[in-house]
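Working notes for the structure below.
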């Protein structure tokens with residue numbers, strides 16, 4: 001899958017400047033970085049590089065250190081002194097300057113990375129790809145901001161014209177003026193919240209990327225102890241989970257706004273929902289050193305609810321209490337019956353809410369304290385999601401607080417089922433470990449044009465005991481399916497030569513193709529995307545990044561079915 005998929009397209013190629021006084025080295029760099037999305041511009045000296053920097057805008061500068069005349073360090077310092085080029089990332093390449101003092105000098109002159117020759121082509125490609133992607137996304141964000149600014153300006157101009165047309169009528173002028181003042185205030189507030197949201201989103205995306213990059217660099221070091229390898233792998237897994245939840249929350253906002261969330265209701269015990277929500281929120285509560293108390297919930301309090309969505313709503317309330325309570329605070333959860341309703345309260349002794357903000361805390365991207373939010377994490381959508389999900393269950397959610405420093409209480413009211421109705425037990429679900437133990441080895445085909453994604457997925461599935469083949473384009477996938485005859489095919493939808501939909505169609509036309517379990521693996525996870533993959537003949541739909549436990553569960557179920565069948 002192309003890493004820029006889903007980002008507004010920038011029509012021109014991304015400029016990358018490569019600087020080396022040796023022509024043969026420039027040829028090597030051009031070969032390593034050959035990519036249709038890049039425009040590689042070469043320079044054979046520091047002076048020529050400065051001229052290129054004046055003529056073009058670059059996403060990244062790949063720079064040899066040792067050059068006659070102006071060396072790489074001197075060129076880097078001049079680049080960083082120019083306002084226009086100060087933000088261009090610089091990757092140093094050298095075969096000579098390997099001492100720590102030289103490396104420190106390189107970073108001191110403005111480098112973001114320092115690679116030793118002979119260059120590892122994969123490492124260089126990966127690093128350049130990251131900076132090129134950041135550049136493209138920055139350009140896309142600039143375009144979006146300009147469009148939004150233009151829209152705001154056009155609205156303001158329209159309002160001013162409307163006000164001028166009604167100046168002759170005092171009463172109507174007064175009404176229009178009040179409406180315009182209110183509208184302008186809303187626009188200013190929307191503009192402010194837009195800027196805060198974009199800044200927070202950038203922070204929230206960079207926050208997990210920093211430890212992931214550090215852990216990845218640690219894993220590249222020689223003679224790394226097993227304990228540190230395990231620690232680095234756990235760290236990467238945790239931070240990827242954080243980013244996945246962030247994206248899931250944003251997608252949930254979109255689905256709710258479009259009315260595309262369907263509740264899967266069944267009879268559930270409220271006590272079970274509260275325990276499930278606490279299990280997910282517990283790590284954050286414990287990490288913050290809070291004292292937690294849950295008042296025992298009567299087992300006969302039952303709801304007609306979607307357990308996953310309602311647990312998500314309550315979990316957001318618990319996470320909110322944990323984030324906005326100083327370390328070592330107290331959080332309390334209670335649920336009582338009131339007439340035909342269940343009343344759930346989540347109370348904390350945290351920073352509190354000003355009286356004028358009690359209603360606005362449920363608005364999308366609203367945050368009581370932006371500075372505190374940035375230190376604790378979050379986009380300001382959790383409470384809005386909770387209220388919408390609870391309202392979809394026929395309930396209400398309100399906030400109360402004595403003011404700043406007085407803590408907060410969130411009260412959810414939900415309709416109860418008639419007491420005589422017996423709650424349906426939750427469906428029995430075997431764990432991934434149980435399924436793996438009972439599984440029989442299967443042939444699994446992986447097709448993904450992202451080589452790293454295919455390799456890591458293949459490694460995981462092989463460790464589960466299955467026979468794996470992996471390819472990197474659509475035509476190779478169809479050919480491998482014909483020769484390998486897999487039981488399961490994990491197919492990326494956006495591949496070169498043949499896309500995933502066409503691959504699925506051609507697999508189905510093979511002699512044993514109708515028996516293959518074909519699974520779509522993609523970054524697109526909206527209901528329309530799932531519907532389209534099902535209509536194309538896919539049996540399952542997994543959203544990237546694929547959760548290893550979910551994949552293990554799926555393969556375990558299929559292998560167990562194969563053994564039983």
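A Cβ is built for glycine as well, from the same backbone N, Cα and C atoms used for every other residue.
Any TrEMBL annotation is an automated prediction that lacks curation.
Annotated in TrEMBL:
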DOMAIN    15-132  domain 'Response regulatory'
MOD_RES   64  4-aspartylphosphate
COILED    155-200  coiled coil
DOMAIN    200-418  domain 'Histidine kinase'
DOMAIN    443-559  domain 'Response regulatory'
MOD_RES   492  4-aspartylphosphate
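Most other Cβ atoms within 10 A: among the modified residues 64, 492, that distinction falls to 492. If you measure from the Cα atom of residue 492 (4-aspartylphosphate) to that of residue 64 (4-aspartylphosphate), you get 38 Å.
The secondary structure of residue 64 (4-aspartylphosphate), as reduced to three states from DSSP, is extended strand. Within the domain 'Response regulatory' (443-559), the DSSP-based counts of helix, strand and coil residues read 57 helix, 25 strand, 35 coil. Mean pLDDT, taken over the domain 'Response regulatory' (443-559), works out to 88 on the 0 to 100 scale.
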